[in-house]
Amino acid sequence: MFLSSSFSVFICSYMILAPVFGYLGDRYNRKAIMCVGITFWSLVTLASSFTPRKWFWALLVTRGLVGVGEASYSTIAPTLIADLFIADRRTRMLSVFYFAIPVGSGLGYIVGSKVNDAAKDWHWSLRVTPGLGLLAVLLLLLVVREPRRGAIEARPQRSLVHSSWLTDIRALVKNRSFVFSTLGFTAVAFVTGSLALWAPAFLFRARVYNGESGPCVQEPCDTSDSLIFGVITCVTGFLGVAAGVEVSRRLRTVTPRADPLVCAAGLLLSAPFLYLSIVFAQASTVATYVFIFLGETFLSMNWAIVADILLYVVIPTRRSTAEALQIVVSHLLGDAGSPYLIGVVSDAIRSRSPDSFLWEFRSLQFSLLLCSFIGVVGGAFFLGTALFIEGDRLRAQSDAPSGQSSRPVRSRRGPGAVPASRAPHCRFLLVCR
């Protein structure tokens, strides 16, 4: 329960701080906020590496403070990208940014396990990333410029006027595409959070049950499952994000609902493969890894597309707040509680079963089956997003009131409606030039 507790503390602090940085990001210099947040995150992470094993409370506090840095850039960085690029180029740049989530997570498993094996002390695993964080701050200061909000999109001037925080929240709650896509992304967070914490342990228990490995009775334990899972997460994250963006780009010429449909397909396709990976774990380790690979690839198709949906259905002066609200909901109902929930269900099953390697494996196997069900529910939410995406996108582009209808612009390439941003007009051409 130590792992699930520390993970949940981090996610909870992240959720609490995200709205604060969302509010600041819509009103103040985003580059400066990110630099301060990442610097603080780097220093706290380094400090946590010196926490003695017996000071459990101190480690939880430092894990909570790490949420400051996470919240500072996750709510703000996508809005910076939105103000630097438009249309398909923005989607490609978002895909580059969101490569970092699965790839970075996978590298965490790989580097963390290797450093732990080399140093024979898990504290050293926490001393790698602070240096990278400070390097990122230096690059932000030297390379990145602070763009004016919404200037590149040539929007009506009234859409660039700030409103109160409560007004922003009310507008976002009425935005059906934002609400449904956020709930769909919550399902993604639930599944990824559960797998991130429990998949290596599940794979290890499967090998112990099959007699392929002995139980861990004294640290350091075998970390090969974490290493393999990390490699799979890196590769599938890269492939999934790239595939999702490319499929969505091609499908946009056929339907303006391409983005939510691709997200729905990704979740609905990942669910059966994750189910098969859990069921086949006792029969074949190789088959389990293959199904995990396919399931995580489809699951990763959502990352960049969900961010793109948010950016084009929300006006520029509300985007950081929207990012923060999406983070709070997706983590509150997703990966803040999913690792703990999986652990509680597993412990409940074990408490009513014989004490054996079989039921150590079975209890976690049964609890992880919940991930496939949640994936299907998330796919349904993205299908709901597809019903409202056209109207909400056009309202955001014209800054029309929530109840006002907008007439779609017809494409010359076919009868389907296309976003108004793709219709040529003088101001758009001037900005592009």
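Glycine is no exception: its Cβ is also placed from the backbone N, Cα and C atoms.
All TrEMBL annotations are machine predictions without curation.
The model shown is predicted, which means the values in this text are computed figures rather than measured ones.
Copied over from TrEMBL, here are the features:
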type     : residues : note
COMPBIAS : 401-419  : compositional bias 'Low complexity'
DOMAIN   : 1-390    : domain 'Major facilitator superfamily (MFS) profile'
REGION   : 398-421  : region 'Disordered'
TRANSMEM : 6-25     : transmembrane segment
TRANSMEM : 32-50    : transmembrane segment
TRANSMEM : 56-81    : transmembrane segment
TRANSMEM : 93-112   : transmembrane segment
TRANSMEM : 124-144  : transmembrane segment
TRANSMEM : 178-199  : transmembrane segment
TRANSMEM : 227-248  : transmembrane segment
TRANSMEM : 260-283  : transmembrane segment
TRANSMEM : 289-315  : transmembrane segment
TRANSMEM : 327-346  : transmembrane segment
TRANSMEM : 366-389  : transmembrane segment
Overall pLDDT for the domain 'Major facilitator superfamily (MFS) profile' (1-390), taken as the rounded mean: 84
Region pair the transmembrane segment (227-248) / the transmembrane segment (32-50), three or more CB pairs under 8 Å: no
Intrachain residues whose Cβ lies under 8 Å of the transmembrane segment (32-50), provided they are six or more past its termini: 21, 24-25, 59, 62-63, 65-66, 68-73, 76-77, 123-127, 129-131, 133-134, 136-137, 140-141
Recorded stretch that, among 124-144, 178-199, 327-346, has the most CB pairs under 8 Å to the transmembrane segment (366-389): 178-199
Two-stretch contact, the transmembrane segment (289-315) and the transmembrane segment (124-144), at least three Cβ pairs under 8 Å: no
Intrachain neighbours beyond the transmembrane segment (260-283), with Cβ under 8 angstroms and 6 or more residues off its ends: 177, 180-181, 184, 187-188, 191, 195, 202-203, 206, 209-210, 240, 244, 247-248, 251, 289-292, 294-302, 305-306, 309, 361, 365, 368-369, 371-373, 375-376, 378-380, 382-383, 385-386, 389
Residues from the same chain, set at least six apart from the ends of the transmembrane segment (93-112), whose C-beta lies under 8 A from its own: 77-78, 81, 84-85, 125, 128, 196, 200, 226-227, 229-238, 240-242, 244-245, 296, 300, 303-304, 307-308, 311
Cβ contacts under 8 Å made by the transmembrane segment (327-346) with residues that lie 6+ beyond its boundaries: 1, 3-5, 7-8, 11-12, 14-15, 18-19, 22, 71, 74-75, 182-183, 185-194, 196-198, 363-364, 366-368, 370
